[in-house]
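Take a look at the structure set out below.
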Amino acid sequence: MKNISLLGASGSIGTQTLDVLRSHPDQFRLVAFSAGKNIDYAVKVIQEFSPQIVSVQREEDVLKLQAVSGNTKVVYGSEGLLEVALHPDAEIVVNAVVGSVGLLPTLRAIEAKKTIGIANKETLVTAGHLVMEAARKHNVSLLPVDSEHSAIFQCLNGENEKRISRLIITASGGSFRDKTRDELHHVTVEDALRHPNWSMGSKITIDSATMMNKGLEVIEAHWLFGIPYEQIDVVLHKESIIHSMVEFEDRSVMAQLGSPDMRVPIQYALTYPDRLPLSDTKQLNLWEMGTLHFEKMNQERFRCLRFAYEAGKTGGSMPAVMNAANEVAVEAFLQKRIGFLTVEDLIEKAMNHHNVIARPSLEEILEIDAATRRFVMEQI
C-alpha cells in the first residue's frame, strides 16, 4: 500500500489521479490533498477517501469545510499546500497544481525525501536547476506524469542515456492546428477550449492551442533527461497515438504508443517500476487507426514554441519570465480581455524587457515571477 499526497485534486490531472486510486484501493491510500477553491469537490473526496489533511486556497473556506470534514484536518493557503506536500506518511507526492505555485511544495517535498510525481510543468520550467540539484542531493526520484515525458521515460528503461541522439516530442497541434495565422486573429475562447484529442483544464488547453504547452515540455525534457535543446525536436502528430520517441546513436528509434488517456502515465508514475491493469482504457488497435500523420513544426506559425526554445537556451531567469508572462496572458485571454495572438505579443514583450540572471536563487525566481506578472498586467 502506497500513501499518496495529491496537490491539485480538483484539476484535470488530479481528478484522473483519483480515478487511478479508485481503481486500485488495495494499492494506494490518499493521505492528503489540496483542492483550491473547489469546496464541493473537496467534500466528496473527503467522504470517499477519508484523508488526514485537506488544503484549500482561501481562509474563509476553512470553516465551511470543517463543518463536514469529520476527522480530516483542514488547512489553507501556501502553508496548507506545504503541509499536504510534507505529510509524514506520504511516500509519493503528485504535484498536479497549475502554475508556479507548485514550485515551493516540490522543493520542500524533495528535501523531505518524498518521491515526486511531477505533473506541474512550471516547477521545472522556472527552477529546473534548483529542482534537479535538490533531487540529486537528496537522492529523490522525479517521475514524469505528462504523457510525453512518461513516454520518453519508458523508452529509456534499461537504456544507456549517454547513447541518446535525440528526443522527439509529439504535439497534437491543439485546437487551431489547421488554421492560418490570419484566421487566428478572429478565434474565440470557446474555440480555443475545444481540444481535438485530450480532455484537459482550461489553462493547459489554451497553452496547447498556442503551442506554449509543447514549449514548456521541451524545457521540462531538458531538465528531466539532461539533454541539450539542440537534441530535442517537436513533431506535429495529429492522432496523439505516439506520445514521444527517443532516437539513439545507431539511429534506431524507440516510441511509446497508446490511446490518449492521461490515466496511463499517471498510473505508471504511481506504480513504477511495476505496472497494474487499466482495463477500462481503450485498447489500441493500429488497424483501426489506419494512417498516422507527422509534420515538421513551423516555429513562425507557432511562435510560443520558438519563445520556449529561446528562453531555454538563454537559461537562467528567462524561462521564469516567459512562464509568468504566459500565465497572466492566458488568464486575460480566458477572461476575454485580450485576443488570442496578443498572448504571444505579451510574452515577447516581457522577455525583451528582462535582464537575465544567470543562476537565480529561489527568492530571485519568486521576485522575478511577481515583477513579470506586474509588468504584463500593465500592458493589458
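Even glycines carry a Cβ here, placed using N, Cα and C.
Of the listed candidates (Glu79, Glu83, Glu217), Swiss-Prot assigns Glu217 to the same Mn(2+) site as Asp146, Glu148. Swiss-Prot names Ser10, Gly11, Ser12, Ile13, Gly36, Lys37, Asn38, Asn120, Glu122 for binding NADPH. Of Gly201, Gly215, Gly226, the residue it gives for the same site is Gly201.
On the backbone, the CA of Lys121 (1-deoxy-D-xylulose 5-phosphate binding site) and the CA of Ser10 (NADPH binding site) stand 17 Å apart. A 10 Å radius around the C-alpha of Asp146 (Mn(2+) binding site) takes in none of the binding-site residues listed as Ser10, Ser12, Gly36, Asn38, Glu122, Asn213. Taking Ser10, Ser12, Asn38 as the binding-site residues under consideration, the smallest Cα distance to Glu217 (1-deoxy-D-xylulose 5-phosphate binding site) is found for Ser12. For the pair formed by Asn213 (1-deoxy-D-xylulose 5-phosphate binding site) and Ser10 (NADPH binding site), distance between Cα atoms is given as 20 Å, rounded to the nearest Å. For the pair Asn38 (NADPH binding site) and Glu148 (1-deoxy-D-xylulose 5-phosphate binding site), the C-alpha distance works out to 28 angstrom.
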